[in-house]
Structures are given as structure tokens and as C-alpha cells.
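Participant: Below is a structure I'd like to ask you about.
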Amino acid sequence: MCQTHVLAELGRLQGEQEPIGGAVMEGFYAQKLNFQKSVPRGIIWFCFFLLFLLQNSRGILSDSDYLVGLGSYDITGPAADVNMMGYANSDQTASGVHFRLRARAFIVAEPQGNRVVFVNLDACMASQLVTIKVLERLKARYGNLYTENNVAISGIHTHAGPGGYLQYVVYLVTSLGFVRQSFDVIVDGIEQSIIQAHENLRPGSIFVNKGEILDAGINRSPSAYLNNSATERSKYAFDVDKEMTLLKFVDDEWGPVGSFNWFATHGTSMSRTNSLISGDNKGAAARFMEDWFDTNGIESAYSDNSDTDEIPRRVSNIIPVAQKNHHELLELAASFQSSPGKRATRFLSVARRVRSALRQADKPRFVSAFCQTNCGDVSPNVLGAFCIDTGLSCDFDHSTCGGKNELCYGQGPGLEVTLPKEGGGNEVVKTCPAAMGFGFAAGTTDGPGAFDFKQGDNQGNAFWKLVRNLLKTPGKEQISCHYPKPILLDTGEMKLPYDWAPSILPIQILRIGQLVILTVPGEFTTMAGRRLRDAVKTVLTSGGNGAFDNNIHVVIAGLTNTYSQYVTTFEEYQVQRYEGASTLYGPHTLSAYIQEFQKLATALISGQSVEPGPQPPDLLSKQISLLTPVVMDATPPGVKFGDVSTDVPQNSTFKRGGTVTVVFWSACPRNDLMTEGTFSLVEILQGKDSWVPAYDDDDFCLRFKWSRPAKLSPRSQATIEWRIPASATPGVYRIRHFGASKGFMGSIKHFTGSSSAFVVA
């Protein structure tokens, strides 16, 4: 196994645990792992707990050793027709927006020294091809300031974002190949978030804190976890990691400007039947946190008495609305009937956004990111896994119901690795070219697979082996290397039409004071992550000159810079549940990671350089797309794009907690992704004729649903649902839709339309 190692370091922390600061040790190191054969509820807890950590990570603000900058940009992909990345469910194609996705970045720099860039994506995972292209753009713009040595791009693992942006075949099957729109909007958004962060660099301080969240995740493969030794398990109180690590960024002049945290739980609160683009639990928590801070400001960030009893809502608190009696409001609403669809500019959608940068003050908005770590076997569906036909618990070992997994849901030679032998001495083992086991096809309790696959299958069956052999028959060496995994897809040795799986993987150590971030290109299980963190911490705290003291924080940033599925312990691998079957490079994958990270950690404290290793391939020119393009859009005779199809009832009044639904004649959302704009908008009336944006695509309470009567029909409709929050200001409202239609000759024309006005009491 060969690799990309990257180590970027920003000075040691001196004094108390919470504030980060101190001198810098020089050193950027790069190396790559090479697996080539030849060379919902938790969301609210997230927010509340984060407020607690912010309020209790004050420390003493002193003259800063750092420059700190943060940025955020829209990366919402096509909201129609494109398969979602995560569940590998071919029926799960996007058809609207739950809330928009973003890239959030921080840069920490020393005025004349090293710097670190970390980007958190509301996406299933990072993509090797995306990382390559982002680094190319950064080099063109900034020279060698931002490189593979000090840039990390990590995904939160939402299973509700458009797919098609990775470069390896196995991850492009359900998306019908490469989707250029998905790819471009992510690359653009990452670049823009880094540009913002770079331009926002100002003197500031960084604080770190830790704490436990007890009910935001459970182990979804407990039988595999129990296969780890009892001695090792006894060191931990839980079978998943409950600790959150948080960084707070404080500008010397403006005060708190952002927070990034790491916590282990899967982005699968939205099930495999969901078709609305969503950042799932971590994306929602980030939006709530940002809105909470915008609403309450710096005073509440330091107050122990802030009110956090409900999801924060910003706009209703800053829009003054003259209170009128109900009769007056109804009369006022009656004077605003639905407006017919009309031509508009794309700029209008951007300008009318509630959080539009065009209305941003001199001070940058607060940026909050909920990052992913070792979530491999952690489910957010904390009530457990049950059979949907009987309500009984699923089979413990295989997560099946009556033998069917579909009914079980949760509410190189490669690199050589040297391992110690029990009787003394060492043995040399190897990683394998990538392969996926039968248990992979069974899925998990968060999203079961199909047919007769089941977790914990270490035999396979003759029929599916026959199907497998039509694609690629694994050789004896490959079968032996992966044992006891029965190989379903020999992806590491499948090269047509191009590589099916990655064989070169990047790893990094990023150091900011006493915070050490280990970036890994996959999903580590709980115990696998614990072993990696412990191994690195041992090296860092016992390495002689240059070593850390015990007051360090080691976190894993999962799904970073590329994606290579799962990493389990050797013991968990033997059970061959979903995570073990998806550990691509064989039973010694974790040992290989630990060995290479130990080398990086040694280099970190000694100041040694590390060879960068081979570069991953750029397969952009080889990508194939089978996704049908948008040919044209149409409406019925006499109807315009943006016309209301189903309006609110006349003289209607809705109570907070109710739902308002309006249907518009629309066009395919793929015509324009409305980046940094919005498809849907709720406006509140100020005075007698001034409409002010109140809620948009970024709001949890507003949903944009797109549909067409038939797959190839040019006609389509947009249904906008507003679930009126309890915090909504009483007044007169209307719902508005923005879109873009494609003509027969390919021209794109933007449009807008609005509903009749109604009263919220």
C-alpha cells in the first residue's frame, strides 16, 4: 500500500487547555496510500450541545498568534432527475429541495508562516477528482500558498445530496455515470468558500473544547463490535464515541466568527425514500447554529441564560411588523391576488434570498460546520432497528426480518504492514486490491439493500457468484487476501471502461496548536477510529524532543479528499457485516493506516520530510454520462411559467404550526441550480405594499418539491410547502417561486410567480 501523506502544522498551544496559540514548527509532509496490485432528534441535541460548548470555551482573549478567516458558499446540485449519493438506491432521484447545501471553510495562518485550510462539505463524501481540480484552481490563483500539503476537503456524509461527482465507476452506477452539474457546483463552491476565507483573514484566536452527547448515535453493527476483545471494549463506556470536539474562532475585533466541530454519527436521518436535497442532521444543525448566532449575536454566545427551547429562526426577529387586528389583516391580504408568471432575471433570485450576501453587513456572517469523524458503524436512528412488518427487533447478527433485509430499518502486492505476533516477534501482512463483499449489497439498518443479501454473510451464494463472474472473476490470490470476505465485486481489478475503485489514497495530519486532525478518505468504525487516535497520540506524546504533552486533542476527519468506503478492525472484519464487507482493501486495512499515520506523527515531532508518493489519476476525460439531458420545457396552452396552478383559499388564515401549500407551473430545476439563490420564497408584507423576504430554500420549514406527470414530459410543477414555525411573526404573507425554462432551441429564460396573500395569526 502506498500513499499520500500530508502533514501541516501550526504552532503548539501553551498554557490553559482552551485557548490555542504559540509558536510554529516548520514542516509540510505528503504521502499517499497506494492499493495498486502492481506498483432528527440528534439535530436539536447537536445545536443545544454546541451552544453549551461555545459558552464554556471562553479562555482569555489575548493578542493573537493567528490570522483566522472563514467562508461559506452554495453547493446545491441538480434538484431533479439525478440519483442521490449514499444509499445506492436507483429509485432515489432528486425531486426538490429540503434545504440547500453549502461548503464551509476555515483558514488558520500565521502572519509569516504556515497555514491550514479545512473545508466541510454538505455532501456524502469528498471526491478525489474534485480535490484535484480544486487544487489546480488554487494553484492558478494563489501559487503554492494552498496545496495538497495544507488543504483538506471533508464530507458530512449526507445521503440526500445529488451524486455523480466522483470519478470511479463503482460510485457512478446508480447516477447513470458522471453528472457534470453535480461536479461543477461542488468544485466552484469549494473554491469560492476558500476565497472568502482567504479574503476574511484577520487577527484572531482559536479555542477548543470537548464534551459528550449521549443520545445522538447508536452502534448499528453491535455484533461486529462485540467481536473486538473484551479487554479492549472494557476501556470504553459506550460502543460508539459520544465525544464532540469543537473549535471556536474569535476575531480580535468582531468577536466570534465561527465554529467547527467533529462528532460521529451517520448522515442517514433522512431515509432512502427521501427525494429532497438535504444536508441531513449535520447540515441542518449547521444552519440552525448559524441562524441562532445571527439572531442572538455575541451577547448570547457568552450568556448562560440564552433561550434555546426551539429551532432558531432569525428573520421573524428582525422584521418589525405593525400589529393589526385580524379583520384589517384579512382586508389587506385580499388586495393581493396571485400574480401571473412573468419574466425575471437570475439576479432577482439571488437578491431576494433571506441571507443574501448583497444585504450582508461589513462583518462576515457566523459560519458553523458540523464535521464528520469515525462514523462507520454509528447510526443516528437511536431507537434501534425494527421490522416494518411486525414491529419486532431485527435479527441481531444479520439485521434481517424473516430472512429479508429489505424489511429491517432503523428509526499490490500492496503496501506491506508489520504486525506484532502474540508469542513475540513480528509478521508481515499485506493489503489487497479493492473488493466488496456480499454483505455490502445487504445495506444497513439505515438503508437496507435488496434481493436475498444479508449482513454477516461470509459464504456468498452460487447464483450471485455467477453474476459476479460475468464482470470479473477474482483470482485465488485475491480471494485469499480478502478472506473471510466472499468477494461480490472485484472492483480493484476492474478497469473497463476505467478504474472502478481508487488505488491511491491521501492521508494528512493537520496541526493547529494542540489540536491534531487526522484526515482519512473513508468511514472508520468506532473501534477502528479509537485505535488510530490512540496510536497517533502515543507517538506524539512519547517521541522525545518535539513531543507534545498529554494535553492534546486528536480528532479524525472522515470522508476527506477522496472516498474509499469503510475501515473496520481486524476482528470486526471477520464478522462481515456491511462495514466489514465494505472494507475494500482486506482485513489489514486498519493496520496499514495506523502504520502510515505513525510515520507521519514521527515526522511531525522530528521535523523530518516524507516522500509524497504517487499522484492519483485524473479521470475527468474518461467520464461517461447516460443521464438524459433536458430537451425543453412547456406549459399547457394559455399558461405561463410561474403561473399558480393551486392557490391558497381566498380570505384564508393559517395558524402557526399549520402548513401552507401552493403549486406553480414550473420547469426543470436542472436548467439553473439557482446557486446562492432560491427556488422558493415566503415574503411578509411591510406597510401596505412592500414585500420582505422571510423564508427561503435555506430554511428547514420551507420545502420545494418538483414533479412531472411522466418521465419524459416537458411539463412540470413545483409544489412549495411552508410549515409555519411557532416563531413566525403574525401578519400578511405570500409564497413566491423562481425558476428557469429551456426553450426548443436551448435558450434559458428565468421566471417568477407568486400566490395570493394570506394571513398568519
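Keep in mind that glycine also has a Cβ here, set from the backbone N, Cα and C atoms.
As annotated in TrEMBL:
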- 66-415: domain 'Neutral/alkaline non-lysosomal ceramidase N-terminal' (DOMAIN)
- HIS157, HIS266, GLU523, TYR566: Zn(2+) binding site (BINDING)
- SER379: active site, nucleophile (ACT_SITE)
- 426-595: domain 'Neutral/alkaline non-lysosomal ceramidase N-terminal' (DOMAIN)
- 597-760: domain 'Neutral/alkaline non-lysosomal ceramidase C-terminal' (DOMAIN)
Participant: Roughly how many Å lie between the Cα atoms of GLU523 (Zn(2+) binding site) and the residue listed as 'active site, nucleophile', rounded to a whole value?
Facilitator: 12
Participant: Which residues, in sequence order, are found in the same chain with Cβ within 8 Å of the centroid defined by the Cβ atoms of HIS157, HIS266, GLU523, TYR566 at the Zn(2+) site, excluding those residues themselves?
Facilitator: GLN372, CYS375, GLY376, VAL378, GLY522, GLY558, LEU559
Participant: Let me know how many other Cβ atoms fall within 10 Å of the Cβ of HIS157 (Zn(2+) binding site).
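Facilitator: There are 28 of them.
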Participant: Once the chains shown are all counted, how many other Cβ atoms turn up within 10 Å of the Cβ of the residue listed as 'active site, nucleophile'?
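Facilitator: Excluding its own Cβ, the number within 10 Å is 25.
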Participant: For HIS266 (Zn(2+) binding site), list the number of other Cβ atoms lying within 10 Å of its Cβ atom.
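Facilitator: Excluding its own Cβ, the number within 10 Å is 28.
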Participant: Does anything in the same chain, at least 6 positions from TYR566 (Zn(2+) binding site), have a Cβ under 8 Å from its Cβ, and if so what?
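Facilitator: GLY376, GLY522, GLU523, PHE524, THR525, TYR578, GLU579, GLY580, SER582, THR583, LEU584 - these are the non-local Cβ neighbours of TYR566 (Zn(2+) binding site), listed in sequence order.
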Participant: Give the distance between the Cα atoms of HIS157 (Zn(2+) binding site) and SER379 (active site, nucleophile), rounded to the nearest whole Å.
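Facilitator: On Cα coordinates alone, these residues lie 12 Å apart.
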Participant: Would you count the other C-beta atoms found within 10 angstroms of the C-beta of GLU523 (Zn(2+) binding site) for me?
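Facilitator: Result for GLU523 (Zn(2+) binding site): 29 neighbouring Cβ atoms inside 10 Å.
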Participant: Summarise the model confidence on the domain 'Neutral/alkaline non-lysosomal ceramidase N-terminal' (66-415) as a single mean pLDDT, whole number.
Facilitator: 89
